[in-house]
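Chemist: Have a look at the structure that comes next, please.
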Amino acid sequence: MESGAYGASLAGGAFDFMSFIKKPQTIVRILSWLFSIVVFATITGEGYVNPSHLPDTKCMFNGNDSACGFGVGIGILAFLACVVFIILDAYFPQISSAKERKNIVTGDLVFSGVWTLFWFICFCVLANQWSHTTEVAGIPVDAARAVVTFSFFSIVTWALLTTFAYTRYRHGVNDIDQGYTDPANDYSTPYPSTSAYPPYPTSGPEGYQQSPFTPQNQEHPAPYQPPS
């Protein structure tokens with residue numbers, strides 16, 4: 001585990017692009033991003049066909065437009081979420097506040113868990129509708145199978161993202177329990193004591209003598225006399 005809070009190093013370090021790309025979480029998130037593109041782009045481009053006996057286009061999954069719409073919606077939202085979380089992952093080490101890190105990790109954990117469930121539902125719906133599709137004439141069979149396959153792959157990648165987010169969350173909780181101090185709220189930084197500075201002189205330096213030009217009777221001045 002890296003030093004710091006919530007599985008990331010302390011803020012202030014330089015961004016290393018190669019190290020960021022090689023992280024398992026980044027690799028899995030990029031794969032999830034690509035899988036979502038395959039799903040919604042394939043459905044949008046080839047998922048609606050025009051049977052010979054129907055005037056309107058229908059979804060290639062047993063003519064169920066709701067199945068195609070659900071797959072497109074889940075894919076587009078997953079695509080956008082991956083872009084947002086990739087940016088947050090890159091910016092994450094620069095965040096010094098433990099509270100902000102916790103909010104990001106918690107949001108990643110919740111969203112990844114929910115989208116794992118949604119991808120599972122999407123896979124079940126598409127696989128079920130494809131199994132009930134009897135008329136495949138004019139239907140791009142390879143495209144339909146690709147959508148079902150990458151929906152299943154998305155379940156795996158988003159489950160891994162959920163695991164990574166949970167691990168980071170547990171690391172953050174353990175760091176707080178072990179006495180991690182949020183740099184943004186750290187008021188215990190020692191300041192140099194007053195003894196470190198030389199005392200302010202309250203009197204003249206040693207060996208100081210009164211100015212020879214000071215009149216001796218300065219403490220008792222003579223009374224004022226008007227000029228004659």
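Here, residue 1 is simply the first one shown, and the rest follow in order.
Backbone N, Cα and C atoms are what each Cβ position is placed from, and that goes for glycine too.
Under the heading domain 'MARVEL', TrEMBL lists 20-170. Look at TrEMBL and you will find 27-49, 69-88, 109-131, 143-166 tagged as transmembrane segment. Look at TrEMBL and you will find 184-228 tagged as region 'Disordered'. TrEMBL lists 187-197 with the feature compositional bias 'Low complexity'. The compositional bias 'Polar residues' annotation in TrEMBL covers 208-219.
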Chemist: Counting only residues 6 or more past its boundaries, what in the same chain has a CB within less than 8 Å of a CB in the transmembrane segment (109-131)?
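Modeler: Long-range Cβ neighbours of the transmembrane segment (109-131): 39, 59, 61-62, 64, 67, 70-71, 74, 77-78, 81, 85, 144-145, 147-148, 151-152, 154-155, 158-159, 161-162, 165-166, 169.
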Chemist: Within the same chain, where does the transmembrane segment (69-88) have neighbours whose Cβ lies under 8 angstroms from its own Cβ atoms, ignoring anything closer than 6 residues to its ends? I mean 6 or more beyond.
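Modeler: Residues 26, 29-30, 32-33, 35-37, 39-41, 43-44, 47, 104, 108, 111, 115, 118-119, 121-122, 125-126, 147, 151, 154, 158.
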Chemist: Would you kindly list the residues that approach the transmembrane segment (143-166) from elsewhere in its chain, counting only those six or more residues past its ends and only Cβ-Cβ distances under 8 Å?
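Modeler: Distal contacts: 24-25, 28-29, 31-32, 35-36, 38-39, 42-43, 46-47, 60-61, 71, 78, 105, 108-109, 112-113, 115-116, 119-120, 122-123, 126-127, 130, 133.
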Chemist: Kindly state the mean pLDDT of the domain 'MARVEL' (20-170) in the predicted structure.
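Modeler: Across the residues of the domain 'MARVEL' (20-170) the model's pLDDT averages 92 on the 0 to 100 scale.
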Chemist: In the same chain, which residue numbers or ranges, 6 or more beyond the ends of the transmembrane segment (27-49), come under 8 angstroms Cβ to Cβ?
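Modeler: 21, 57-61, 68, 71-72, 74-76, 78-79, 82-83, 85-86, 89, 122, 138-140, 143-144, 146-147, 150-151, 153-154, 157-158, 160-161, 164.
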